[in-house]
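These come from Swiss-Prot:
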- Glu133: active site (ACT_SITE)
- Glu219: active site (ACT_SITE)
- Asn171: N-linked glycosylation site (CARBOHYD)
- Asn187: N-linked glycosylation site (CARBOHYD)
- 1-19: signal peptide (SIGNAL)
Amino acid sequence: MKSFLIAIVIAVLLPVSAADFCAQWRLSKAGKYIIYNNLWNQNTATSGSQCTGVDKVSGSTVAWHTSYSWAGAPTQVKSYSNAALVFTKKQIKNIKTIPTTMKYSYSYSGTLIADVAYDLFTSSTASGSNEYEIMIWLAAYGGAGPISSTGKAIATVTINSNSFKLYKGPNGSTTVYSFVATKTITNFSADLLDFFTYLVKTQAFPSSQYLTTLEAGTEPFTGSNAKMTVSSYSAAVN
């Protein structure tokens, strides 16, 4: 009985799920991250499903994966399974560094339309609604494209030795900036503050904005037997 009770306590405290989770809004706490399945737009698919799981937590690093098949509405994102950092919200001007690393692989059958991207949101107050969204696309598979007012990049910029095309467009009342890598990056290491510094200098981005959300994951449009495996991910806001 004693060993049984100990096993229950361990199971309750263990931050990593033993199995994949497939429900639309399921999540799993993993160290200083929350791993979301986040099938926010699944109803646009004619068929499909997606499951996500945590593989390992080691210090400030997490390994996780997500698997899916989605059909229909090839211009519509179906989900954004991601690892979200839990952090204290700060104004951009008061942040010293936002170091991050992500190493991943992607497999699929047939044709895939998807991206792999960081997603960061800011607001004029720590608890306010989203005013700006900054996306950093490491990969754009099958012609996936970002939100854009014109369909054309407004600039090409090199940050941390990686080349990105910058797009701008509205998503409701939120202004979206998307840095799309010109070549697929599967092993990424950067200070994300450099992207904000660029926007402050060239796009009149207000440094008084609070960083409220920092996530990294994948947005599938369509795909069959697809799987993204993140072997190592870390992020911090200093």
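The first residue you see is number 1, and the count goes up from there.
Just so it is clear, glycine is given a Cβ too, placed from its N, Cα and C backbone atoms.
As the structure is a computational prediction, the values presented were derived from the model and not from experiment.
In terms of local Cβ density within 10 Å, Glu219 ranks first among the active-site residues Glu133, Glu219. All chains included, 10 other C-beta atoms sit within 10 angstroms of the C-beta of Asn171 (N-linked glycosylation site). Among the recorded positions listed (Glu133, Asn171, Glu219), Glu219 has its Cα nearest to the Cα of Asn187 (N-linked glycosylation site). On the backbone, the CA of Glu133 (active site) and the CA of Asn171 (N-linked glycosylation site) stand 9 Å apart.
Counting every protein chain shown, the Cβ of Asn187 (N-linked glycosylation site) has 12 other Cβ atoms within 10 Å.
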